[in-house]
């Protein structure tokens, strides 16, 4: 199967002022993220706020340049790409944002907003653009006669359908969805998720699905990447990870996810405190101050990602969770 997105040791660091006469500090928002994504597959990226999910999204969509590492889109290395090549790469990777209303122009009719990618990137006539836009509107569950309406005339779920339609107009190879359902009512979330999956099946688009909701992720993901303070904590097939997570942080996230039929035999794992200050990350494992299983080794030695039970995990004591 075709690999459409490859990241190798992707990092993004920011220089932050510490105040007058104190110089600058470095925030490692993204630190050594690697993965491969095939056409028609979904990689879910999960973690708490501040773990680097949105920074990864901005790097993948070329909104920001990574500090180091390699990023390939459809086999094309981003670093060193020419202006024309970058233009094509941006066509190949599109994004759906968390707040659909904020990503739409309130003064422009949605038909014109959906046609804009075609106007910029193709030589289609006005009538051909209109026809393609109305066809896409039908595919996302919107009525073509709403072509002349403005964003404020639609519900939240309809606006997210509009945002998704706009992202799919150029039939990208990769779609990055940053919390696409978190601003929607629960009753609408399932409809939008099913629409994502229908379009993926039709166009064989690869998804990078960013979310903090593991119940939603379970519905859509083929593979899951769990991040903590900019680093991968655990990554592997979704069924394996949900069946038996091997990193204490993943176990805690799943333990906190509401379930219709909870398993009383599984102990509840509660993590204390907040994410550490990224300006002053802890020594050793970044999670050790909140981890109920931490040992002296965790406080002094950074765990490397290693292969264990068909997934990668960054924990010194992951073997104790095998079973």
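Residue numbers in this text run from 1 along the chain shown.
Keep in mind that glycine also has a Cβ here, set from the backbone N, Cα and C atoms.
What Swiss-Prot annotates here:
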- 5-254: domain 'ABC transporter' (DOMAIN)
- 47, 48, 49, 50, 51, 52, 53, 54: ATP binding site (BINDING)
TODO: Note the Cβ centroid of 47, 48, 49, 50, 51, 52, 53, 54, the recorded ATP site, then list each other residue of that chain whose Cβ lies within 8 Å of it, in sequence.
DONE: 212, 227, 275
TODO: Using all protein chains in view, find how many other C-beta atoms are within 10 Å of the C-beta of residue 53 (ATP binding site).
DONE: 22
Open item on the list: Using other CB atoms within 10 angstroms as the count, which residue among the binding-site residues 49, 54 scores least?
Closed with: 49
Open item on the list: What are the sequence-distant neighbours of residue 51 (ATP binding site), meaning same chain, six or more residues apart, C-beta distance under 8 angstroms?
Closed with: 227, 228, 229, 230, 275
TODO: Looking only at the domain 'ABC transporter' (5-254), report the model's average pLDDT.
DONE: 92
Open item on the list: At a 10 Å cut-off from the C-beta of residue 48 (ATP binding site), count the other C-beta atoms across all protein chains.
Closed with: 15
- [ ] Pick the one among the binding-site residues 47, 50, 52 whose Cβ has the fewest other Cβ atoms within 10 Å in this structure.
- [x] 50
Task: DSSP three-state assignment for residue 54 (ATP binding site) - done: helix
